[in-house]
Amino acid sequence: MKLNEIIKQSLNDELNRQQNHIELIASENYVSEAVLIANGSIFTNKYAEGYPNRRYYGGCKFVDQVETLGIETAKKLFEAEHVNIQPHSGSQANAAAYKAFLKPNDKVLAMDLKAGGHLTHGFELNFSGEIYNFEFYGVNKDTYYIDFEEVRKKALEFKPNLILAGASAYSREIDFVKFRKIADEVGAYLMVDMAHIAGLVAAKAHPNPCLVADVVTTTTHKTLRGARGGMILCKAKYAKKVDSAVFPGTQGGPLEHLIAGKTQALIEASDQSFVDYANQVIKNAKALCEVLIENDIFVLTNGTDNHLINFEVKSKFNITGKQAEAILESIGIVCNKELLPFDTESSVNTSGLRVGSAAMTTRGFKENEFKEVGRIIVDALNQNKDLEVLKNEVKNLCDKFPIYENIKY
Ligand SMILES: *Cc1c(COP(=O)(O)O)cnc(C)c1O
């Protein structure tokens, strides 16, 4: 059978879309062509319930080879004693990690969604909020840094079974040792969700939570730049309960084609070129941040240590985050509105934006390009420049940094 015409057209349209805009969504990236090949491979045909060398299906010799390579590469890269590479997504990884360490109604202390946490960290409409008893910590009202006084105070009061560190919108280094100390003080497990920063951790550009946490979950497609999926890393003594929480606890057959894509990415992340990439990601975020601050935009925490920046648009430009997102999209810059801590706007409108440098750094942008992007963002949101002119500047930048030159559908 030939590829359906609508699918084919949509894939080519998407290829053009990805080529012709500046991607600042902090959770997105461009995988290598090798990862794409692995993702779209014949492993999609294979059932492999179980784990390498102990499967419930025959014919697993070759998927075993790849899954084992993925596990061993991840163990080395993150200095982890045990790795499960099967979770279908970051959310699935969290579901399995909770199941391994908690019983329904057990208590979890996690970062508030409004302060930068994730839906799977206890949001009321998410399975996590339904099954477990969550309490939240936030950020300091003056500095916007994690408020460890509050974390400790809440931990002592609430006596959680598990403390969760990690976020979707936090731009500063997270002090996992401080979390460990508080967890030990109250006798809680420490879980870290490093979904956003996994690539930086792999490159040793951010402290490694695997050294101190009982269990670490991650996505594999954000700064780690691999196949869309999840992963769990833990101490050897928890291997069995983590593995059985993934299968048969929360999943059936693993997606071996995506495990191949994750494995390829982990191998790429073990190379010096990825260390250079991760460090450039941080330099680029800092460069963009400088331009925003120079233009009197309120940047949360007044800077960044990683790939992402949260900033306020309402007071400076008198527009909501939603409006700002739409203006930028109209000139080819894609990012997302962000509900800020202590935001007075609704979650539909918001006062801010979240941007990240991971994707455009993959395309080859350096500090100069990110400074130019910062200037274009300010001009666009100021609304005193012809948007057509800015749109052209975006297009010119994109043309200079092509993606996937060998791919056409
Ligand atoms: C993105 C993210 C997830 C969820 O990942 P999905 O693959 O979208 O399910 C979980 N936790 C954090 C902190 C994230 O940023």
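Quick reminder: no glycine exception, Cβ is built from N, Cα and C everywhere.
TrEMBL: automatically predicted annotations, no manual curation.
What TrEMBL records for this protein:
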BINDING   Leu113, Gly117, His118, Leu119  (6S)-5,6,7,8-tetrahydrofolate binding site
DOMAIN    7-377  domain 'Serine hydroxymethyltransferase-like'
MOD_RES   Lys222  N6-(pyridoxal phosphate)lysine
SITE      His221  site 'Plays an important role in substrate specificity'
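Features as recorded by TrEMBL, highlighted on the structure.
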residue: Leu113; record: (6S)-5,6,7,8-tetrahydrofolate binding site; Cβ contacts under 8 Å, 6 or more apart: Leu119, His121, Gly122, Phe123, Phe136
residue: Gly117; record: (6S)-5,6,7,8-tetrahydrofolate binding site; Cβ contacts under 8 Å, 6 or more apart: Ala110, Met111, Phe136, Ala167, Ser168
residue: His118; record: (6S)-5,6,7,8-tetrahydrofolate binding site; Cβ contacts under 8 Å, 6 or more apart: Gly90, Asn94, Gly166, Ala167, Ser168, Asp193, Ala195
residue: His221; record: site 'Plays an important role in substrate specificity'; Cβ contacts under 8 Å, 6 or more apart: Ser27, Asn29, Val31, Ala227, Arg228, Gly229
residue: Lys222; record: N6-(pyridoxal phosphate)lysine; Cβ contacts under 8 Å, 6 or more apart: Ala26, Ser27, Glu28, Asn29, Ala195, His196, Ala198, Gly199, Ala358
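Per-residue pLDDT, averaged over the domain 'Serine hydroxymethyltransferase-like' (7-377), rounds to 97. Each of Ala110, Met111, Asp112, Gly116, Thr120, His121, Gly122, Phe123, Asn126, Ala167, Ser168 belongs to the same chain as Leu113, Gly117, His118, Leu119, is absent from that list, and has a C-beta within 8 angstroms of the C-beta centroid marking the (6S)-5,6,7,8-tetrahydrofolate site. Leu119 ((6S)-5,6,7,8-tetrahydrofolate binding site) counts 16 other C-beta atoms within 10 Å of its own C-beta, drawing on all protein chains shown. Under the three-state DSSP scheme, Leu113 ((6S)-5,6,7,8-tetrahydrofolate binding site) falls in the helix class. With a cut-off of under 6 Å between the Cβ and any atom of ligand 1, the recorded positions His118, Leu119, His221 reduce to His118.
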